[in-house]
Amino acid sequence: MKKKLIVANWKLNGNIEMISNYLKFLKNNLLSNLNKNIIVIAPPNIYLERTYQSIKKINIFLGAQNVDVNLKGAFTGEVSVLMLKDIGVKYVIIGHSERRILHNETDNFVAKKFHLIKNSNLIPILCIGETEKEKKNGKTQKVIEKQLNCIFQILGEKAFRNAVIAYEPIWAIGTGVSADPEYVQIIHKFIRNYIQKNDSVSKNVIIQYGGSVSSLNTKEFIQQEDIDGLLIGSASLHAKEFLKIIKISCSID
Ligand code: PGA
């Protein structure tokens, strides 16, 4: 059975009441045997510690949605990877298209974060993917190569050991229109081959899909050979729906 990584990205959502009800529900209903699959919740930073206190007793890991490129110092409003590690974070999402677009984060900037996260022995979840226009113009693979090359340039051959890639076509995020699972399989295979070509060590890198995933399409995605997990936004905000996604994912080989 392949090991799958299911990640809830809550983005800028949630409050104390929602989180407490959500985590209580998961605690009472989560499968006792996750079959080596890994579940991660990435709440907004301000709720990380509260979330950690609940999930550390069950089989769920803590994720952060972003991190600064600096470790400490005069950087008002930022949070460093050391701080995230200090409070129990294990996975850090970087390069999400919302940050690339709304905060002008470049491939290089994202690669610096990737480096810092790996140096701190946390696991980066590197989001990559093309826009609708790039897809229409047949540029998907070129875009992905460029996004991966920046990481290889800074970290060299073993860059993707203990790292996660989330393929998130931008046109499928938050639209309710997910990508075709067969199309995603082709892109994931391309990503895996590209990594193998440049990095003999990281053959088994986890490659997740993200973009309008719900319990209705989970099975079709997880069944694909090279889809090793899911990064879920809006559907992960509802505990029952997230649990359904977990259960479906864990039931598939
Ligand atoms: P979505 O978001 O599931 O709401 O499309 C996915 C993501 O942005 O990670």
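Quick reminder: no glycine exception, Cβ is built from N, Cα and C everywhere.
TrEMBL does not curate its annotations; it predicts them automatically.
In TrEMBL, the substrate site is described by Asn9, Trp10, Lys11, Gly174, and among Ser202, Ser212, Ser214, Ser215 the residue recorded at this site is Ser212. Within 10 Å of His96 (active site, electrophile), counting C-alpha to C-alpha distances, fall the following of the recorded positions Trp10, Glu168, Gly174, Ser212: Glu168. Residues Asn9, Trp10, Lys11, Gly174, Ser212 make up the record's substrate site, and a Cβ search at 8 Å around their centroid adds Ile173, Ile232, Gly233, Ser234, Ser236, Leu237 from the same chain. The local packing around Asn9 (substrate binding site), expressed as other Cβ atoms within 10 Å of its Cβ over all shown chains, amounts to 25.
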